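Novice: Okay, so Swiss-Prot annotates it like this:
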DOMAIN    30-289  domain 'CoA carboxyltransferase N-terminal'
ZN_FING   34-55  zinc finger
BINDING   CYS34, CYS37, CYS52, CYS55  Zn(2+) binding site
Amino acid sequence: MTWFNRLKDYSKQQTDKLLNRYLTQIPSGIWRECPRCHSRFYYRRFGNFDVCPECGYGFRLTARKRLRMLTKDAVEWDADLVTKDPLSFPGYSEKLQRAQKITKLNESVWTGLALLDKRSVALGIMDPYFIMGSLGMITGEKLARLFERATLHELPVILFTASGGARMQEGIHSLMQMSKVTAAVNRHRQAGLLYIVVLTDPTTGGVIASFAMEADITIAEPKALIGFAGRRVIEQTVKQKLPADFQSAEQLQKNGFVDEIVPREHLTEELKLLLDMNQSNAWRANHDK
């Protein structure tokens, strides 16, 4: 009996020591779990595009990381515009400062002039890490200016959306941005110019209810969450269980709201192809006049 007790204590002691030593040696983030299929992989398996090797889900990206994936030639617009906390909402200023520090952005969207395959485009990229990419006053102002500049200089617009909706800390000022940006989109369309939107995970709330669904060509990333209200809110309202693919990019494509679903690793080439087609059509239209 004494021998068994000694062995048990000895084993337990050594196991604790070994585990503690190994745990301190393993860097954080070495294993990652996909939020869609819940598969776990060594972080390098996700590759340069941060895509799950099992189901193809694209992990959420900061605006600057996505910009680096798209192009090396870009000039930022309106980097000096900063929200001033119009309602003096408790804790909002501190939240803004944290978001600015994490994302290196002044607001939840990056806008600027970019070159894709030597073609100039007005580019907008929303950042889900900046207060969930929420639509605030300055976000709306930057997006409106993006479309206005594109209209003035006859440029196509490519917009990557990622948002939790309107920013509650700005109240009605936030909601007004939906119509403001949509009006700028309509003026851009009336000028006969191309607008491509890429819906990424997540695109919800006031953004999907306005300018995100106004594009000439609507692309989505695989497995992206796209919808207005949350699943639980809808289920509680309609008293029904929603299907598993509800508010997914695949379901929206099936029902005609999305033109195509493009894996992230092929997205840049697809955008270049669409810009080439648009350029050819524009040349043909001018040539036929």
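Each Cβ is built from the backbone N, Cα and C atoms, and glycine gets one as well.
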Novice: So what's the mean pLDDT when you look at the zinc finger (34-55)?
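Specialist: When the pLDDT values over the zinc finger (34-55) are averaged, the result is 88.
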Novice: Given the binding-site residues CYS34, CYS37, CYS52, CYS55, which one is most crowded in terms of C-beta atoms within 10 angstroms?
Specialist: CYS52
Novice: Enumerate the residues of the same chain, CYS34, CYS37, CYS52, CYS55 excluded, that satisfy the criterion Cβ within 8 A of the mean position of the Cβ atoms of the recorded Zn(2+) site; list them in sequence order.
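Specialist: Everything else in range on the chain: PRO35, ARG36, HIS38, SER39, PRO53, GLU54, GLY56, TYR57, LYS223.
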Novice: When the zinc finger (34-55) is classified with DSSP, how many of its residues are helical, how many are strand and how many are coil?
Specialist: 4 helix, 4 strand, 14 coil
